[in-house]
Amino acid sequence: MTTLKITGMTCDSCAAHVKEALEKVPGVQSALVSYPKGTAQLAIEAGTSSDALTTAVAGLGYEATLADAPPTDNRAGLLDKMRGWIGAADKPSGNERPLQVVVIGSGGAAMAAALKAVEQGAHVSLIERGTIGGTCVNVGCVPSKIMIRAAHIAHLRRESPFDGGIAATVPAIDRSKLLAQQQARVEELRHAKYEGILDGNPAITVVHGEARFKDEQSLVVRLNDGGERVVAFDRCLVATGASPAVPPIPGLKESPYWTSTEALVSDTLPERLAVIGSSVVALELAQAFARLGSQVTILARNTLFFRDDPAIGEAVTAAFRAEGIKVLEHTQASQVAHVDGEFVLTTGYGEIRADQLLVATGRAPNTRSLALEAAGVAANAQGAIVIDKGMRTSTPHIYAAGDCTDQPQFVYVAAAAGTRAAINMTGGDAALDLTAMPAVVFTDPQVATVGYSEAEAHHDGIETDSRTLTLDNVPRALANFDTRGFIKLVIEEGSGRLIGVQAVAPEAGELIQTAVLAIRNRMTVQELADQLFPYLTMVEGLKLAAQTFSKDVKQLSCCAG
């Protein structure tokens, strides 16, 4: 019996593919591959090449060494032989060829789908017109959270609840150095989590160019280095994401305004920043720039968080105004001018002047250039691709996932949708259930929600009961000397089952997943109250909020069970 040590496997399906590859090597009688142990136990004929074994595994993107021998790099020339033995990932076993899957895009949905499809035995062609990695790692989640964190630290140096004992200072902010640090981490993560993974997987072919449908079975790709290529497919996933939407305000397009993309890579901090919009992106970046030293004015068409429980918008608005951020509710710009380096915004309440303008009113699906009609793929009036719970479009073998659909615009939703689309494309049956989907807004205090608000429950005919616990009842908040915010629990009347949680609190995003699991497991509020929660954690606030349905928590000792 020969034993190989294998590194790089991430699941049982990986082990299954390694087993299949090894058993195609001449001389291998059987292979028992274990993902948890990282080993392969082989029954082989005398004279079987050990290099052939390790190269077969390497062809799948993993590394293998003989358990009783030092690693060897002597694999030159063997990869071509291995391709003949195992079919080179894009050749069939027997008379069949692998399923040909095309993925358009390279963000969260696209990557998840590509990796799952390969795991299921397909060959994937991934088409990307721009930078590998999509919005999240390049111009979205990652750089924005780095900027927000830096701004938070600057804010704490300027003022904190402990200024009486720790002298406040005015931080010297070098935006260019912060930007260099931010972009270095972006590039590091893009390579580690996207480019490196794609380069190391022989079953994925990356095509750099812009795709459009030719018909229901093929795409025309305008290659970035010139020319065009037709790419045929058995299954296709559209995962092209979304881009900042720009409202039709007279004069706006003629001005040098920012979207979030430009704001995140600017190496300067405007003295005065006007923000059109009250989207998640608008609010996160508005507070970040304010904390880094800009005078910020937000123009909100409605109130902040107007689609959510009213208490959320009230709490965040109060927090913003306390920091000196101007929040102008029910205010729209009717015209934008840029004169002598200054933006002038005309509103119903007078003019607003600023050195820079950020437009963050939402995001629009990247679907206009795809020629969806050529493949019979339906989209709604906003350009979002219409899909069912299995991510199928109106053309059954064409799928879509992520921000190019009408799914909630979160990268973890996109990735989950991409994975399930790949399962369905390769013969499985998977649906995306968003009934317990968490959402987090990285303002300070943070906003975190899951499940129903009271208004949403009533709209669906569900009778509710609710309790709101202010943070001056949460020991962690008291110890922090920061009691801004609240935790609200919504339950189904009668059953007592938890159906929704809304939280406004520092690090609210760190407590919401506990609420997700409680809702997913159909826990009652009493069952939640009976659980053990560690003392002096913010998530303990969930237990205290649950206890308010049956008792006055103000009358409890610090850590009463």
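Keep in mind that glycine also has a Cβ here, set from the backbone N, Cα and C atoms.
FAD binds ALA110, GLY130, THR135, LYS145, ALA211, ASP403 as Swiss-Prot records it, and from the list VAL118, VAL411 the residue named for this site is VAL411. Disulfide connectivity taken from Swiss-Prot links CYS141 to one of CYS136, CYS236, namely CYS136. Each of the recorded positions CYS11, ALA110, CYS141, CYS558 was scored by the number of other CB atoms within 10 Å of its CB, and the largest score is that of ALA110. For the pair ASP403 (FAD binding site) and CYS136 (disulfide bond), the Cα-Cα distance reads 11 Å. Distance from the CA of LYS145 (FAD binding site) to the CA of CYS558 (Hg(2+) binding site) is 34 Å.
Of the candidate recorded positions, CYS11, CYS14, CYS136, CYS141, the one lying closest to ALA110 (FAD binding site) when CA atoms are compared is CYS136. If you compare Cα positions, LYS145 (FAD binding site) sits closest to CYS136 out of the recorded positions CYS11, CYS14, CYS136. When every Cα pair among ALA110, GLY130, THR135, LYS145, ALA211, ASP403, VAL411 is compared, the largest distance found for this FAD site is 31 Å. In the three-state DSSP scheme, ASP403 (FAD binding site) is classed as helix.
Ranking the recorded positions THR135, CYS136, LYS145, ALA211, VAL411 by other CB atoms within 10 A of the CB puts LYS145 at the bottom.
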